[in-house]
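Per TrEMBL, these features apply:
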type   : residues : note
DOMAIN : 304-397  : domain 'ETF-QO/FixC ubiquinone-binding'
DOMAIN : 533-635  : domain 'ETF-QO/FixX C-terminal'
Amino acid sequence: MHRFLSISSKSTSLKNQKQLHLPLVSSVSSATPKGQSCSHYFNQKSPSLGSRLGFDRVFSSGYFPNRVNLRGHERNGNGFLRLKGLVGEIRNYSSETDRESIDYDVVIVGAGPAGLSAAIRFKQLCREKNADFSVCVVEKGAEVGAHILSGNVFEPRALNELLPQWKDEEAPINVPVSSDKFWFLTKDRAISLPSPFDNKGNYVISLSQLVRWMGVKAEELGVEIYPGFAASEILYDEDNNVVGIGTNDMGVAKDGSRKENFQRGVALKGRITLLAEGCRGSLSQKIMKEYKLREKVQAQHQTYALGIKEVWEIDEKKHKPGAVLHTLGWPLDSKTYGGSFLYHMKDRQISIGLAVALNYHNPFLNPYEEFQKLKHHPSIKSLLEGGSVLQYGARTLNEGGFQSVPYPVFPGGAIIGCSAGFLNVPKIKGSHTAMKSGMLAAEATFGVLHGGSNMEAYWDALRSSWVWEELHRARNYRPAFEYGLFPGLALSALEHYVLKGKSPFTFKHGKPDHEATNVAKLHSSIQYPKPDGVLSFDVPTSLHRSNTNHNHDQPAHLRLRDPDIPETVNLPEYAGPESRYCPARVYEYVPDEKNQLKLQINAQNCLHCKACDIKDPKQNIEWTVPEGGGGPGYSVM
């Protein structure tokens, strides 16, 4: 069977386009095994990924696409992939015994701030040095920005370096921070504290809009970007060097059989592979384990928080563009680290959310319900009343900081952005550091391909950069709260106002997040109030606002390493915590025909937050990528 690709071919401008419908021919083969030799593929000529998808069948008709255009990318309800624009130059290609393979000089996984910054910086260097190297970026979201929910306080330092003229190039950055408040919340009061965030010169933005704009800038430089393709495996050569990634198969049924629309994944091979998957990237995790990258520099384990967020439209009289608020305290208990944020964007929109550190002890704690409680605080409720929710989403955040950064270089590539973990916890910002890491990796990559150096230059440059300096100054904030809320506040104030990040000691993190969960008998069950449908909502209502969608008839991307553990360990010992820490009700315990509770996995609900991969007490849940294009579909705002 064939699928079809609808292309708009361009002559002189995007406004003058012709529509073509081309068959996508399935390829049937097995995965590239680790250790198989790939040394021959750089010597052959062949089409780009766009050509693999059917574009090579257009050339004889006079249409020679040269890049994907993000402005016109869409996937319609019939499963068609529509790419309005043009797709890349001829690239090396090999049809191996197992599956088709396309070669690039650089393959980047993830079209977020880090991945796009790397792509842009690399192509800038190509222009400066008159070098011709190819770059391919694959993104698992249906479009660039689809997995990034609006609402971000953005520090433009890295963007100023990458694209200094961004203000003149219609970048979606136009709401400067106008006020910066920090509150300690009790159940009924908001106590104002000195703000440590220093947001002067920063902007309240939609990060989703920003990466879409960056995607267009990358394309203008010749970067090929392919949304809707999920990188599911690392490809190795016979010497255990990484030589690219494999995208997952499309059209596989839940039972593993091939459906009529089956399409074999493709091998994207690169001389250098950069992993920019974001927090808890599945391939990055495998690479760190394979090459023992944490052990190489004695890095501590990573720690995480789960961020749950909504975008609201509020009364114009209450809206203050650029106003920024952060809080600590209620609704969380004094032993649980976390806090809320509320940012006034443009067009009467605000972004409100709660971040809960995943090293919390009480297995009965439900981060989603804690967020619903937050919105009923008198100081928050008064702002939201009369408004309406536009979007809902969730994502985990790296909180390990300086102590948890692994050695980011592996044979054949590097890990960049939040996949490595460059979030500045006290600033609650990671986009600028992620972008800078991508830029530094791009410069090292260019040095390898053009100057004969090695990727270790990325590690050296990183440690000499302002990213390293910033993370080092902030290194003791997060672990200070291992001692509780009030000792943490005291220690962090000492770090910020007295020692200014120059303390002679470095705190260590506590237990890994999954080990921090106590058994249920040490705690009492938490009774959360029912949602009122005005300020607080049930999970199905929120899920609808996330536009989350997965094909039901596909293999589950959430896998149990041992299918017995939920019923033999998690439920009796921890009271089934996966039914509470997941913000999308993916995991439910339901009675079987014998009235015995069994774990049911509703994979189609998944928001790709990856909390389950982190928090499961026995590390029994493995998050893997579903079919490309699945997951949340956050719209542009």
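Numbering starts at 1 and runs along the chain as displayed.
Quick reminder: no glycine exception, Cβ is built from N, Cα and C everywhere.
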| the domain 'ETF-QO/FixX C-terminal' (533-635), counted residue by residue under DSSP: helix, strand, coil | 30 helix, 18 strand, 55 coil
| message | Can you break down the domain 'ETF-QO/FixC ubiquinone-binding' (304-397) into helix, strand and coil residue counts using DSSP? | response | 18 helix, 43 strand, 33 coil
| request: Average the per-residue pLDDT over the domain 'ETF-QO/FixX C-terminal' (533-635) and send me the rounded value. | output: 95
